[in-house]
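As given in TrEMBL:
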BINDING   His81, His83, Glu87, His127  Fe(2+) binding site
BINDING   His81, His83, Glu87, His127  Ni(2+) binding site
COMPBIAS  1-17  compositional bias 'Basic and acidic residues'
REGION    1-20  region 'Disordered'
Amino acid sequence: MRAYWYDDKQGDKRLPHDSGSPVSESYLHALGVIYKHCPSISAVDALATERAYKNRDEITVSPAKMGAVYEEKLRVFVQEHLHEDEEIRYILDGSGYFDVRSEGDDRWVRIGLEKEDLLILPAGIWHRFTTDEGDYVHAMRLFKEEPKWTPLNREAALEENPYRKEYVLQRARAVKAGLRPRK
């Protein structure tokens, strides 16, 4: 895993867009984002048990697997959105990027993931996903309940969504408790 500030330059989102300014794992944690390196499925199984994930599936995002709908699906994934559930992804093969919004200044933090990386995004965080230039990622998705993936695309009204409000409240509590690390 490698995290850094997104450079906000125009162009293909699959490019690195590396500003040259790294972001620490502790800053990600302050955003509610959890990263784990899991060198085996047994490590994923242990985490699933610990966090009460009951279901899982796998998805391959690539032109070879998805055919003509690949570019359309990628446009959906890269739209800024939130979920009302945690989003858990374990990279089985390939690589890609999750971008999450920062605290306060609403900048993008880019998180590059590759094989054996596992990322947990909290419910209510603004984020997006894209493959990298390799156009291939094979990931396991874990779920607390029945598998579902319902993105709620960003709009002002969603600031009143109960999951978004809880996320913002949790981040405010962390800041108040002095848990906000340096970027």
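Cβ atoms are placed via backbone N, Cα and C, with glycine included.
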Structural state census, the region 'Disordered' (1-20) (DSSP three-state): 0 helix, 8 strand, 12 coil
Cβ-centroid neighbourhood (8 Å) of the Fe(2+) site, His81, His83, Glu87, His127 excluded: Leu82, Leu121, Ile125, Trp126, Arg128, Pro151
Among His81, His83, His127, which are binding-site residues, the residue with the most C-beta atoms within 10 angstroms of its C-beta: His127
